[in-house]
Amino acid sequence: MKEKSSTSSLIQNMWWGGSDDIELATSTISQRPSSVDGVYSAMTDSFVTLTIDGGIDTPSREAIYGKAGQSTPEIKRKLENASPETARYVALRMYESMKRHGLRREASKAFEREEAEIEEIKDGEEGGGVRKRSEDLLGMEYLLKDGFVSYLRDVARITPPIPQQVVRFSGINYSKTIKMSDREYNTFGNKLVDCFVGPLRAFFQRKTSMELQILKGVDGYIMPGSMTLLLGPPGSGKSTLLEILAGRVKGTKGADFEGTVKYNEKNASDIHLSRLIAYISGHLNKHIPFLSVRETLEFARDCTQGLRPENFTPQMRKFFAHALVEGQDPFLEYISEILSLKTIEHKLAGEGISDIDRQKLTTAELALGTYSVMLYDQPFYGSDLAATYDLVDTIRTISRIQQSSAIMSLTQLSQEVFDLFDRIILLGDGKVLFQGTRQDAVPYFASLGYIKPSHVESGEFLEDIVAGQGSQYMEPRATSRTLDELVECYLASDHYKDIGRIVGLSEVKHTFWVESEAGLGLSLKTPSKYNASVDTKPRQIPSMDQTSNALRLLSAELVVSKLSSKVGHSGGIESTGRVQIGDVVTAISFNNEEMQYLSIGPQRVQRERASLVYSMLKQAQGPVRLQVERFREEEDEHQKQWEQFQRPFVQTWWESTKTLINRQLKITKRLHFLIKLRLFQAIVLGLFAGTLFYRLGGQYTQPRMNSIRALAFVSTMSIMLINLVQLPLYLLQRPIFYKHKAQRFFRPSSYITAHCIVNLPQTLIEALVYTLCVYFLAGLSLDNNGTPFFLFLTLLFLVAYFGSSVFFFLSTISSIPEVGNALAGLLVSIFLLFSGFVIYPSNVPIYWKWLIKANPIHWANISVCGLQFEGYKDPCTAYLGQLPYCDQYPAKTVGQAYMTYYELSTDTARTWLPYVILLVWILLANLLTLFGLKKIEFTDTALSLPHQRKTLTISNYKEDTKSEIESASVGSDIERVKNPNASKCLGKQHLPSGYRKMRDNGGVENWIEVFRVDLERNGLGIPVEPVTIMFEDLSFRSNYEQLEGAASVFNNITGYARPQSMLALLGGSKTSKTTLLKCLAVRTPSFGSLSGNLQANGGLVNSRLTGYVEKLDAHQPYLSVRESLQFSAALRLSKEISISSRRIHVELVLNQLGLLPYSNQLVGSLRDASGKMYEIAKKMTIAVELAANPSILFLEEPISGLNTTGTLNILNVLSQVADSGRVIIATLTYPNVRTLSFFDQAIIMTHEGHQAYFGQIGRSCSELLNYFTSIPKAPQYSKTESPVSFVMGSLGLGIKKRNISSLNFADIYKESSLHESNIKEITIMKAMMKKQMSRPVASTYPAPYLRQAGLVLLRTQRLLWRNVQYTYGRLTGCIMIGLLMGSLYFQIEYKDVYGVISRSLYIYMQVILIGVVSANNVIPQIGTDRLVYFREKRAGMYLPIFYPLSWAMGEIPYFFIATLALVGIGNGMAGIGVGSATEFLVYWIILFTFTLCVTYFGMMLTFLAPMPTMAAFAMSIVTSLWVSASGVVVVLSDIRFYRWMYWSNPFQYAMNAMTSLSFYCDTSNCGSDCKCPRLPDGNYVWDKLASARYLNYGRIDTDIIMLSGMCLFYASLAFLFFVLLKHNSPPHL
């Protein structure tokens, strides 16, 4: 009896309305509308009613309206008294019904809840306790106790609806003009040539461009509540169409847009689309990494959710009371719950969460907003299909309840995900090939002769047809159609005609798709705009002749004429809208056939179709689908909310600013490490400056007073440059700003204001700390109750804040970090050069005087000097003959005389002017930032451009390949040195005939076969060593779980793989498959231990036999595809293989993988116009490994992120690779039948890591299916289900989450005959392997060390040669600095002391600018290819030391040219260091050596610091110390504590050598005709400088030697740190 009651309780928990709804199974009436498949039957004589059982039912009106609920008590009584078998049967029927409703989760929860309650009851009975009831749940747990679908339905009834949008688009044509270039890519060399001949070339050369038609006449619509899937191969125009619908594409100079997009009755340009539309792309799937998941969602809610708890109505407050009492936001909580973000809500959104969770977070951001249309452009790239299914299922549920619409373009698509959509838009080459309901897609193409096999999924089937691979599906004797023919067929179809009808309607109508609604009555009626004229009186159905005669005068429509009193108005999850009486049926489908459209064609045809369908309803016995239509409802009731959507933003300006301020404060709090570093930097620089200028203030000597003036310059320079480290952070947050701006989260002005406010206290603290450290140690003025101190603090604060504002502005106009760093260096150069310290205002040329007056740093220096020298109140008369400025201005005080003498302002009436100028500049910088954020947006290259029919690189293939063959690379030269006879292989007479044919006619296809013949004839081929890999009882235990002991990742895995076979690794946890793959490839992760037997041909598996294709496609972007393969082949093939054989091997690999058309393109440029970037990148990764000629190829998720066409291409390539004699072992996550059928064998693991299967897969997975269906008590297999889905679902690892079976599949496998036969096979293999001799490994690296060094250096040299943003950008920066300094110091004469000091400080500024810029630029650049190095290190390609060595040597020629340009231009114009050719050459060499020295120092810091940010901080601190202690701002005699730094300072050695070289003149032997320059007072210039700066001409040789020694020392340390420090090694995961 207890079993009966618990089962009956289970049924009540499953169904909403208790036993009342059991009537659904016994009658045609339901309390809620059903979406399950049903049939039609005739009901009475006036209308036809849908039922859900298999028979035809004609109940009376009394049964329908009167006594529907009277049987409930009887049914309830029967169920309570039913036997357990009967109760189980009824429960099973109800469970299946709920699944068909789309309520699988609710059904599962019901069972889980029932089981939990039974257990609690048992526990309570045993322990005397009381079971926890639902009433004990708190907050959102209580509101969500019945599932989120029920929750959302309840919420939808009490909250105002969002404005529903019918999106109609017609005549969409979009084209782009692409400028064609003669060059494959830019290089440092051709950019350098363009400096001279570029203008002439641009004038005489004809500009070539090509118009690319992306979309061609696209029509369609998006309806509320619907899910639309946008399908098509890469380059079909999917992304462009989505951007057009989002209002992001407009006609510009290089783009032509035609067509109309309407939202309801309004054009897209007339409304704020961003308040109605949410557009998200996988490339915009970024979040601020310093905020937690919950903080990110709260920010999105505050910015986009108009309905907040404080605005709730009383009814809403009552409903949400349980959540509000707990302080919870109901909307945010349920979004976190349904997207499974609750468990990670406190993790940071950066590295703290996975890519899948990051995609969920992006979806949650949109779901929190009140958007009517959601557009997704490949939002789930890289995620597995299970996560994609969960996300799409959630979006579908939200769309149904809120009646919003979603349109998605997905890269990877399973059948389960495909079935979640309502409509399909199939694009090919910018044209629509099909648009209609999802169920009609396959039948439509079947009518054209394309038959979908059972093992092929619908998405694959459709994309194959569009991609031109549809011939495999053609019926016998049918002819495959071209793309244009398919378009013509679609334009002639009823699907297109109905779309044209809807798009062309003058008034907006809502269209819904309904799945077999129970209790729905249909009848014929006269059309009417509203449903008041529906005739529901019973009447006899006329005969066909009578109907035809009657409808000749009237047009008839099939309408909804009745709803069951228990149906209500809400549709099931399969229905896109709520059915109402009076809805017009415009299309109908019987028995899973195509829709029959009733509203297209002439009136006569419409009448005939309507009457025919009406009469056919009597005989209908299968599922029925309806397309219903109604006029859009008036929105007077919610007009106020609609007006809210017309506002551009949810929040007011001040509310938005406060929200952003709170966010910035959280970011600042999370960046406490960076803030502490900046504070540490301010303290170090302040203490150093204070001790360097220790007690120099208040002393009446010219050197000490000069030092105080220099202190002003050093302080303003240091405090401004502290903010330079913020530039990368600003650039990091910029993509997130673009995303939020597009979705109208906030105004750009609010964003800037919040940044300015939050930055105030941080800047103030840094200025205060620096001031406290400097002011009192230097002994600066404290007159007037310390007023100079506070004014000094204010000035430094304004300078620091100005620097922060300037770098914020630069982040808005810099496309990439290299550009930002270059602009920052240029602006800092301008501010320092025109600060008034390094050149006197009187020496500034007239054309630059305006800039020195406008420079805020100049005014800051004047103000600081004025504050300090105002305290020098002694009269000059007391210092006559001691201070030259007192001799010149005896009537003034010492301070006033000094200010006047050194051309500092003495306007005491306007001491406020510097502060005002600084404030104006701060305001101007922020206004420019606002303009930049509003008008400038840098985006990645679009991936939506169509594939070009004729690849531009093919035409140049012959010449490129010829040059590749005939040129001798560095690696070849080195090998010829080692083996002189090897060079004969490159002689023209010894080249294979295939090469000669290729040179003669250039036909790519013509010479491939000739290659193969020549390989066999000449013995140049590289044979593949056949290897059989065998492994027994492999187990891996992780050491991460320290508290509970080692955790097992996988256990007792046994299997083998023979040559020419493909083995798939399936199942397991997220890490077990990949860990097993790495262990098989002898890349055992360092976080655990491996046990078991692993052999290859009887010996150990070594890296020479294997190739490992990592999931991450990390390649050097500045190498061509061919060069990447040649690099891999030269380093990983045996040294016995000749150069010709290596090159031929590379060409064959390129051909095998279909990479020949792209072989001469740079890897980083493969994303242009092809639309196949991901596929090509994956082929590249495979090709790089095949270049090493491995016997076993391991692959991590080789098809992850690829579309159907790309997946098929990759699998075909792998099949060819396996056929060549290799073993293929790959991990796969949720493969479909076609994918898995490419493989021969599979190892399937359970979630716990145990082996559940190893054996053959079979054709269409038949062997795999037979094994699992033969297991007793295994789940029942349905023929409509995919075999792979069935197998993985049985293991609890399917795309759709199921209850895990109680069967132990690992034990079942061990006891199976399959396992026994596998063990026998392995025993035989072990016996055979004992007879084989494993190949000995001679050395760790296949290539000799000299070849390694040469090839790595060549690779880095190519990187620098082609990375024009870095190398040419640096040259441009040097040229601009040279022009700027040369024009500023242009031919300054020695007529006074001002000229001498200005000319000498030219060298000081030149050293500072070139040194600081070079050292800081190398830090971010040297780590750009770190991931590539990690991959190469794991592959064991070369000694690690060659990587930093190649960077150190590769930079030399570019610094050689850059310093030459700087010296030639700047010094030539200034007339410094150009007295003779020897002087110029030595000056240039000194500057070049110094630049290398500081660059190597920056390289050393980069390898020493675990993060580039820390290296940048250290570099900034050290260079500031070196500049200050170089003997210029403080002379050597006044340096007290830091003389050791003076003598270890490369700045000091460079400046002594270059200044001595430029100004030296032998005055000791001067007579009356001496040509040495003199000052007006008769002193020689050289004597004056030498005594003031402690210069020594005889030290020049020593200085050069010291600089060279420092270069070697810093480079050696860089090499040492790179090799020894752990953070420079690749992670072993």
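In case you wondered, yes, glycine gets a Cβ from its N, Cα and C as well.
As given in TrEMBL:
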{"type": "DOMAIN", "residues": "200-454", "note": "domain 'ABC transporter'"}
{"type": "DOMAIN", "residues": "1029-1273", "note": "domain 'ABC transporter'"}
{"type": "TRANSMEM", "residues": "673-696", "note": "transmembrane segment"}
{"type": "TRANSMEM", "residues": "708-732", "note": "transmembrane segment"}
{"type": "TRANSMEM", "residues": "752-777", "note": "transmembrane segment"}
{"type": "TRANSMEM", "residues": "789-810", "note": "transmembrane segment"}
{"type": "TRANSMEM", "residues": "822-840", "note": "transmembrane segment"}
{"type": "TRANSMEM", "residues": "912-933", "note": "transmembrane segment"}
{"type": "TRANSMEM", "residues": "1368-1388", "note": "transmembrane segment"}
{"type": "TRANSMEM", "residues": "1400-1419", "note": "transmembrane segment"}
{"type": "TRANSMEM", "residues": "1481-1504", "note": "transmembrane segment"}
{"type": "TRANSMEM", "residues": "1511-1532", "note": "transmembrane segment"}
{"type": "TRANSMEM", "residues": "1600-1621", "note": "transmembrane segment"}
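Among residues of the same chain six or more beyond the transmembrane segment (822-840), those with a C-beta under 8 A of the stretch's C-beta atoms are 709-710, 712-713, 716-717, 720-721, 724, 727, 806-807, 810, 813-814, 848, 851-852, 855-858, 861-862, 902-904, 1369-1370, 1372-1373, 1376-1377, 1380-1381, 1384-1385, 1394, 1397-1398, 1401-1402, 1404-1405, 1408-1409, 1412-1413, 1416-1417. Here the transmembrane segment (1400-1419) sits apart from the transmembrane segment (1600-1621); fewer than 3 CB pairs are under 8 Å, leaving out pairs fewer than 6 apart in sequence. Taking every recorded stretch in 708-732, 789-810, 912-933, 1368-1388, 1600-1621 and counting its Cβ pairs under 8 Å to the transmembrane segment (1511-1532), the highest total belongs to 708-732. Using a Cβ-Cβ cut-off under 8 Å and counting only residues 6 or more beyond its ends in the same chain, the transmembrane segment (1600-1621) has close neighbours at 1440-1441, 1443-1445, 1448, 1485-1486, 1489-1490, 1492-1493, 1496-1497, 1499-1500, 1502-1504, 1546, 1549-1550, 1553.
Taking Cβ pairs closer than 8 Å, the transmembrane segment (673-696) reaches residues 704, 707-708, 710-711, 714-715, 718-719, 722, 725, 729, 762, 765-767, 769-779, 1509-1510, 1513, 1516-1517, 1520-1521, 1524-1525, 1530, 1534-1538 in its own chain, all 6 or more past its ends.
Across the domain 'ABC transporter' (1029-1273), the model assigns an average pLDDT of 86. Annotation: stretch 789-810 has the most Cβ pairs under 8 Å to the transmembrane segment (912-933), among 789-810, 1368-1388, 1481-1504. Long-range contacts of the transmembrane segment (1481-1504) within its own chain (CB-CB distance under 8 A, at least 6 residues past either end) are made by residues 1406-1407, 1410-1412, 1414-1416, 1418-1419, 1422-1423, 1444, 1447-1448, 1451-1452, 1455-1456, 1458-1460, 1462-1464, 1467, 1473-1474, 1511, 1514-1515, 1518-1519, 1546-1547, 1549-1550, 1553-1554, 1557-1558, 1596, 1599-1600, 1603-1604, 1606-1607, 1610-1611, 1613-1614, 1617-1618, 1621, 1624. Proximity of distant same-chain residues to the transmembrane segment (789-810), defined by a Cβ-Cβ separation under 8 Å and at least 6 residues beyond the stretch ends, is recorded for 715-716, 719-724, 726-727, 730, 752, 755-756, 759-760, 763-764, 766-768, 770-771, 775, 780-782, 820, 823-824, 827, 856-857, 860, 863-864, 867, 914-915, 918-919, 921-922, 925-926, 928-929, 932. Within its own chain, the transmembrane segment (1368-1388) is flanked in space by residues 188, 191-192, 818-819, 822, 825-826, 829-830, 833-834, 839, 843-845, 847-848, 1395, 1398-1399, 1402, 1405-1406, 1409-1410, 1413-1414, 1417, 1454, 1457-1459, 1461-1472, which lie at least six positions past its ends and keep a Cβ under 8 Å from the stretch.
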